[in-house]
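S.K.: Please see the structure below; I have some questions.
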Amino acid sequence: MEGGAALYNPRTVEEVFKDFKGRRTAIVKALTTDVQEFYQQCDPEKENLCLYGLPNEEWEVNLPAEEVPPELPEPALGINFARDGLSEKEWLSLVAIHSDAWLLSVSFYFGSRFSFHKEERKRLFNMINDVPTIFEVVTGMAKAKDKSSAANQNGNKSKSNSKVRTSEGKSSKTKQPKEEDEEIDEDDEDDHGETLCGACGDSDGADEFWICCDLCEKWFHGKCVKITPARAEHIKQYKCPSCSNKRARA
């Protein structure tokens with residue numbers, strides 16, 4: 001396994017950051033929306049396994065590269081061995097921490113390989129640092145920081161103000177794209193900009209459809225959890241993939 005190196009070699013700061021975001025999105029997906037499948041693939045009875053995030057936003061659990069040294073830095077080895085010795089939350093947090101370290105090592109490997117100078121390395125780090133870590137997304141810290149930031153900016157503004165109203169007048173835990181719902185007040189739009197997706201961890205997507213989980217109250221891009229506005233209209237209580245998986249295993 002070469003961590004997706006065969007797909008392309010990013011040579012500029014922007015290309016390396018795009019590679020970073022693709023791999024990060026893939027791993028966040030594995031640890032959140034695809035967590036049940038990821039959990040099953042990490043069988044402690046198997047050999048040393050690694051979690052790879054690929055630039056095309058796909059993830060895979062696989063054996064480490066056979067060549068020594070590998071072409072790219074390798075992710076943490078043997079993540080499957082700790083699965084049954086820790087609680088699910090602790091284990092996922094551990095995998096997230098090691099994945100964050102791996103993403104940085106891959107990005108700065110490219111930086112060294114293509115001789116980024118000091119200012120380019122600094123710019124790359126700042127671009128990466130502006131994105132929530134996988135650990136923050138998986139543990140909910142990113143959402144907590146977002147709420148804290150919103151509270152500081154909006155004072156004692158009620159949490160319910162971030163919930164828009166449907167045309168029928170009933171409360172709906174969804175956020176429509178700006179062009180589809182121009183009646184959302186300015187404060188709601190500010191809140192939307194502060195919100196981080198519970199699946200991909202990004203705060204962008206103000207022009208996209210969002211939905212909120214009724215159990216954990218995290219917001220998600222509709223595309224990240226495969227929910228369309230039309231489908232959302234028929235959902236009385238939405239449960240995100242993580243909450244659904246927890247209830248299924250309980």
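Glycine is treated like the rest: Cβ placed from N, Cα and C.
Values in this document were obtained by computation on a predicted structure and should not be read as measured data.
I grabbed these lines from Swiss-Prot:
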type	residues	note
COMPBIAS	149-163	compositional bias 'Low complexity'
COMPBIAS	179-192	compositional bias 'Acidic residues'
MOD_RES	M1	N-acetylmethionine
REGION	146-192	region 'Disordered'
SITE	W210	site 'Histone H3K4me3 binding'
SITE	D214	site 'Histone H3K4me3 binding'
SITE	W219	site 'Histone H3K4me3 binding'
ZN_FING	194-246	zinc finger
S.K.: Could you tell me the mean pLDDT the prediction assigns to the zinc finger (194-246)?
M.R.: 82
S.K.: Can you grab the distance from W219 (site 'Histone H3K4me3 binding') over to W210 (site 'Histone H3K4me3 binding')? Cα atoms, rounded to a whole Å.
M.R.: 7
S.K.: Look up W210 (site 'Histone H3K4me3 binding') in the DSSP assignment and reduce it to helix, strand or coil.
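M.R.: For W210 (site 'Histone H3K4me3 binding') - judged by DSSP and reduced to three states - the answer is strand.
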S.K.: With helix taken as DSSP H, G or I, strand as E or B and everything else coil, how many residues of the zinc finger (194-246) land in each class?
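M.R.: Computed counts for the zinc finger (194-246) are 11 helix, 6 strand, 36 coil.
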S.K.: Within 10 Å of the Cβ of W219 (site 'Histone H3K4me3 binding'), how many other Cβ atoms can you find? Include all protein chains, please.
M.R.: 24
